[in-house]
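What Swiss-Prot says about this protein:
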- Cys32-Cys88: disulfide bond (DISULFID)
- Cys42-Cys78: disulfide bond (DISULFID)
- Cys48-Cys89: disulfide bond (DISULFID)
- Cys111-Cys243: disulfide bond (DISULFID)
- Cys148-Cys164: disulfide bond (DISULFID)
- Cys188-Cys197: disulfide bond (DISULFID)
- Cys290-Cys304: disulfide bond (DISULFID)
- Cys314-Cys349: disulfide bond (DISULFID)
- 31-89: domain 'Clip' (DOMAIN)
- 119-373: domain 'Peptidase S1' (DOMAIN)
- Asn230: N-linked glycosylation site (CARBOHYD)
- Asn270: N-linked glycosylation site (CARBOHYD)
- 91-118: region 'Linker' (REGION)
- 1-26: signal peptide (SIGNAL)
Amino acid sequence: MMIASSLAVLYGIAIVSSMGVQSARADYADDCTTPDGDQGQCMPFSSCRTIEERLTEAQKAGQKVPADYASYLQKALCGEFNGVRHFCCPSANIQHNSKVMSLFKDENFDCGNFLSQRVSNGYEVKLSSRPWMALLRYQQFGESRFLCGGAMISERYILTAAHCVHGLQNDLYEIRLGEHRISTEEDCRQQGRKKKCAPPVVNVGIEKHLIHEKYDARHIMHDIALLKLNRSVPFQKHIKPICLPITDELKEKAEQISTYFVTGWGTTENGSSSDVLLQANVPLQPRSACSQAYRRAVPLSQLCVGGGDLQDSCKGDSGGPLQAPAQYLGEYAPKMVEFGIVSQGVVTCGQISLPGLYTNVGEYVQWITDTMASNGL
């Protein structure tokens, strides 16, 4: 019997006793107390090492879950989100979903490959050199417009900001991939006497809008979302995923990089400011700089970046990637990694020279992998 089938039987038991105070109040990743009295978080079973291992052992042995452990799980049940039952998992046992991590670590998963170039602020990037860039298209007041950006992270998922999706699910209907110059049907560059052109752009619909459960628009917290495409988009020369900071080493590196890149068409709630894909350098700032600028504490879930040059932030897309090259899973050549997401309050072109707050992607890899696993790869 498959683990999922065994769990289905177990869940039937657990539902009866899941009306406790903890299960009634818990949300994804909420703090909770395990039946053993340990501090934990409300997580899907596949993200809890001890629970997954125990159930896997039972499955391999062809046994039912022991009655005492079934009772433990009944008490640990803390909620159901996206059709998946969650359990209070000890903090030390929380793990990234193994299926999604296998996808990201597969040797054929060609993420973060980029063409290097010397970049001055506001310069056009080379054709197809940032193949993960995505444009989000909205239908508003009878007009179709690109109002946000994002980054491709798999054949079915785009990573963007929650503020680009929240309250706009009925307007946001399509993703464009493989774009360079918006106004031209075909994107080409002259190389000597030869003209090299990129394949056509791909426009694809959206199956699911997945916003972080704790997104707080007022305080710009947990500003992260996933868009599940309505079909897989095969990787091509001009359409490939960016890498994510999926290891502790990469997560820590976010605080060590001195200069990041923002890439985009300057797409914001007011439209696009550039017809062609641009890139600019933005410096990492201490969180104290943003604390002073925004008069509040800046948590680890956000990065403080930019300031100085008034035009720096104009090149990025709202919801687009804050990126930098880094060593990825032991590979020799650096890969481009998305360390941050352009959040609200960042794209303030020509206004006061303030650093911006970016969503720290490394703090949300758990959420990304859990959400992808719950909604289908």
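We count from 1, first residue shown onward.
Using N, Cα and C of the backbone, Cβ positions are placed for all residues, glycine too.
As a summary of secondary structure, the region 'Linker' (91-118) carries 11 helix, 1 strand, 16 coil according to DSSP. Within the set of disulfide-bonded residues Cys111, Cys197, Cys243, the entry lying nearest in space to Cys88 (disulfide bond) is Cys243 (CA atoms).
Separation of the C-alpha atoms of Cys290 (disulfide bond) and Cys188 (disulfide bond): 40 Å, rounded to the nearest whole number. When the Cα of Cys111 (disulfide bond) is compared against those of the disulfide-bonded residues Cys48, Cys78, Cys89, the shortest separation belongs to Cys48. In the three-state DSSP reading, Cys148 (disulfide bond) counts as strand. Counting only the Cα atoms, the space from Cys78 (disulfide bond) to Cys32 (disulfide bond) is about 8 angstrom. Across the domain 'Clip' (31-89), DSSP assigns 25 helix, 21 strand, 13 coil.
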